[in-house]
Amino acid sequence: MASLNSQTSKKVRSPGGSSQGGSSKNNGQTVKFARRTSSGRYISLSRDDIDMSGELSGDYMNYTVHIPPTPDNQPMDNNSVAAKAEEQYVSNSLFTGGFNSVTRAHLMDKVIDSEVSHPQMAGAKGASCSMPACDGKIMKDERGNDVTPCECRFKICRDCYMDAQKDTGNCPGCKEPYRVGDYEDDAEYSNGTLKLPAPNKRDGNNMSMMKKGGEFDHNRWLFETSGTYGYGNAFTPQDGMYDDGDGDGLHGELLENNDKPWKPLSRKIPIPAAIISPYRLLIAVRLVVLGFFLHWRLMHPNDDAIWLWLMSIVCEIWFAFSWILDQIPKLCPVNRSTDLEVLKEKFDMPSPSNPTGRSDLPGVDLFVSTADPEKEPPLVTANTILSILSVDYPVEKVSCYISDDGGALLTFEAMAEAASFADLWVPFCRKHNIEPRNPDSYFSLKVDPTKNKSRPDFVKDRRRIKREYDEFKVRINGLPDSIRRRSEAFNAREEMKMLKHLRETGADPLEKPKVLKATWMADGTHWPGTWANASRDHSKGDHAGILQVMLKPPSHDPLMGNSEDKLLDFTDIDIRLPMFVYVSREKRPGYDHNKKAGAMNALVRTSAILSNGPFILNLDCDHYIYNCKAIREGMCFMMDRGGEDICYIQFPQRFEGIDPSDRYANHNTVFFDGNMRALDGVQGPVYVGTGCMFRRFALYGFDPPNPERMTQTKESETQPLTTSDFDPDLDVNLLPKRFGNSTLLSESIPIAEFQGRPIADHPAVKFGRPPGALRVPRDPLDAATVAEAVSVISCWYEDKTEWGDRVGWIYGSVTEDVVTGYRMHNRGWRSIYCITKRDAFRGSAPINLTDRLHQVLRWATGSVEIFFSRNNAFLASRRLKLLQRLAYLNVGIYPFTSCFLIVYCFLPALSLISGQFIVKTLNITFLVYLLIITICLISLAILEVRWSGIGLEEWWRNEQFWLISGTSSHLAACVQGLLKVIAGIEISFTLTSKSAGEDVEDIYADLYLVKWTSLMIPPIVIAMINIVALVIAFSRAVYSTSPSWSKFMGGAFFSFWVLAHLYPFAKGLMGRRRKTPTIVFVWSGLIAITLSLLWIAINTQNGGGAATGGGDGGGNVFEFP
């Protein structure tokens, strides 16, 4: 793919650390460094544009550390001491930057108050530099051992080492020249593996591989091919390329063993015909019967109560339409299975070309989003991060990113504590095959922990790790107080300094010094994000972009532990940790930051520059990995034959902490195991948020690959790919408009596309990659690359681009997940629903009635927004299949059913009070139609339960909450959505009162909390009117001389149907031990009194027959006023 024809977007640091030939007028990305040692002395700062903010003294040593790249000034070899020192320096630096500001890297010797030991983590402990007047830490290797570049073992830090190389090239200890070539990594990539050009290799610390014509040179980063772009495009070595001198070298033949039979990674399992055939037949029967029933209803109006008949027939027609939208997409449900053994055999097993068994799996970037540590406890987020860091996937292929949209120091230090505790937790999980790998969930299990554990030291290790985790929780829970006390101490010190300065300058001694109440980090510097006492540039909506590499990328080869380095014996256990990055995007007043969707897009851009994993898995902060092999399960679909056109893998959402009866259908199994499984047989499930693995290339807004078109247009198999191969309408000059002005981001796109392809090991794989292409180690991080990652999270970066419109998560709706998935399906991509035997992910859900209603309100509001936007499925392209189109239509239309549902819920009461019914007489035709429809409904429910695997009680709970939410949240969403679309008015339904239970020890205590909200009004009114109507109608039938029991029974049946559905709602209002809020009784009494007065007034107008107990024998008949 072609790159941007613009100025370089970054500057490359010199190995010597000095400025060589740099131009101060260059507009590229600038990196400035500031270092504060553990003694509190600042020994280096950039000399330009430093805002001291009054907190630092004037004792500094300044130098500029950036230069432009030149042919004779290139970074040292990746495996050299200099490259490792550069990566260590970067991982220990907190990068900040943003709009109209310089990107700075603040070297932090201390990230958290507790001691850090893992060598990959920022602020890890180490020996001090031996140079005079320098107390920096010396360089370390992957195991944490000291790196001494000279044979004399002179201890020297990274900065002094760079200065020594720049000045004389001699070691300050023995005065002998450094021999850089002698310090290559022993684990160099040379184990007889194919030395393919790394797809993510950067030339000169820049991925620019451009031809003079502006086209991306595909041959340089992909492979040298002797076949076509499809099957057979594996790398073919030249004759004698790997000859060891004995004549046994390779002669133009593949190293891969193709003698093994090809096996699929996944299989589609159809639903048994004994279940699905009757299911489809019943759908057709009910559809036909509904047509005849509605025709009969239209032809037989109730002339005695035409108003009642008209309301009922309108509602019934809409219900039939809504049922079609919901039921027809369920015609093709499927089940799927994966084969993890075949995946391991294809990608992880040793082979002649891969003797060490290096993984050929593609990289995965995992995103976790959080916004407010007060609403989303840091301990919950930390446990989610720990479950990610310990996932069963090649360590070097995993990168974890945490998006802190609140920019809180509490979240930052909590994540640092989690990274520190991962030093013990992750190897412990690998050693004993722990499940689940969320420590809080694991230690809360009520089963025997020794089950299926074979190592004799398991009990001892578990006891020790449990103590460490308890201490970890104490540290996390104590962080708010620790940060507050630390900040108060530093602020008091600054006040004393200012007061002393005022006295020395002769200022008024009574004048109170004005010092900002800052929030301070553990190393004694200002936190660049949100302060506890908000101020300019330090509030939730106004702070700089922040990026910290908490855990630097691991070494490519396994790093085995021993019995001495850690508290536990990790002999023969890989102790590496995945890369972990903290990101807080820049926020400024006047910019629309687009909430969660904007945060996710910022992570997409940052990760593209730092790790560029071809697949992205996003999780909410309260959803953790319950099955450590979940990523492998999803990869079985992506890497299988035909996987190149899969845009995402959606996993079902499973929840913990739900009450056993699931009163408010929190598990939502009817949707996740029924509707989603059915859509999997069409074009794929809708994207519903957390627990979804994306293809990065699909998120960039491209269409699925079309190998036929590519092979027809390519005249030579060595011709490079161009932008038109991915998007015919995209020209090289349009790249900045679509993706922004980052060159690195644009250049990473074809790399991510290539690495996400399945292996071309079958003739049907027409868009594959060669085996072994992803076994090459990736480059270490450097300062300019991280600075570029900071620039793409600036608040201005998305201006005049297609981010949020075509690229990334789509803006404009509170349900951005559904819209994002819809856009992909509309471009022709398909998705997969992956249900694993062991739940892939688990999270928490609100079990309180009010919280649940507000959650549904947000979803329904998003659906209304979708209906009134260009994302309405009516406007979809032809690439969206018919049944998929109906499913998306239902997504936008279902909230409007509430308008008809609430009317229909009042009809039984109106029928009972008026003495009329929706039909003139309960004749046989009406009852037969009703019976057939009811039998079909029950039969369909039973068969759906069979093929979906849900329980009948779960189905009933879903029906109950459908009516509860339909008469409350959905109705409010319609009102809110219409007001927003028509008048631009935003309405928020907030809580107004609370009533808590007494037993705080009960894990289900939230279930009994009663928080009053206006959403409860419609269901309460419906329930009370139906109860009063039953009493009125029954009393009238009993005291009437000629009662009409048939009409009473008809109305009573439907009234009981409504009340049965509202039963969970009534239980929620009762709270615990019937502690109901006073407002409920006030509403109930008011409604009962109003209806009683209304009934008395009606009887009085009709002659008062019921009041006197007499009559003419016909009873009183209510007439609608």
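Every residue, even glycine, has its Cβ placed from backbone N, Cα and C.
Per TrEMBL, region 'Disordered' is recorded for 1-35, 705-725. The feature compositional bias 'Low complexity' is assigned by TrEMBL to 14-29. Sequence annotations record features per position, and here TrEMBL assigns transmembrane segment to 269-294, 306-325, 887-910, 922-943, 1020-1039, 1045-1066, 1078-1098. Marked as UDP-alpha-D-glucose binding site by TrEMBL: Ser369, Lys375, Glu376, Asp405, Lys595. Residues or ranges marked as active site in TrEMBL: Asp405, Asp817. Summarising the annotation, TrEMBL assigns Mn(2+) binding site to Lys596, Asp620.
Annotated features, which come from TrEMBL, shown on the structure.
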| residue | record | CB count, 10 Å |
| --- | --- | --- |
| Ser369 | UDP-alpha-D-glucose binding site | 22 |
| Lys375 | UDP-alpha-D-glucose binding site | 9 |
| Glu376 | UDP-alpha-D-glucose binding site | 17 |
| Asp405 | UDP-alpha-D-glucose binding site | 21 |
| Lys595 | UDP-alpha-D-glucose binding site | 15 |
| Lys596 | Mn(2+) binding site | 20 |
| Asp620 | Mn(2+) binding site | 22 |
| Asp817 | active site | 24 |
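Note: the stretches the transmembrane segment (269-294) and the transmembrane segment (922-943) are in contact (3+ CB pairs below 8 A, sequence gap of 6 or more). A separation of roughly 14 Å, to the nearest angstrom, links the Cα atoms of Lys595 (UDP-alpha-D-glucose binding site) and Asp620 (Mn(2+) binding site). Cβ atoms under 8 Å from those of the transmembrane segment (306-325) belong to residues 287, 290, 294, 297-298, 886-887, 889-890, 893-894, 897, 900-901, 903-904, 907, 910-911, 914, 916-919, 1120 of the same chain, restricted to positions at least 6 beyond its ends.
The residues near the UDP-alpha-D-glucose site, meaning same-chain residues not in Ser369, Lys375, Glu376, Asp405, Lys595 whose C-beta sits within 8 angstroms of the mean position of the site's C-beta atoms, are Thr370, Ala371, Asp372, Gly406, Lys596, Ala599, Cys621, in sequence order. Taking Ser369, Lys375, Asp817 as the recorded positions under consideration, the smallest Cα distance to Asp620 (Mn(2+) binding site) is found for Ser369. Asp817 (active site) is 10 Å away from Lys596 (Mn(2+) binding site) when you measure Cα to Cα.
Across the annotated binding residues for UDP-alpha-D-glucose (Ser369, Lys375, Glu376, Asp405, Lys595), the two most widely spaced Cα atoms sit 16 Å apart. Distances between the Cα of Asp817 (active site) and those of the binding-site residues Ser369, Lys375, Glu376, Asp405 are shortest for Ser369.
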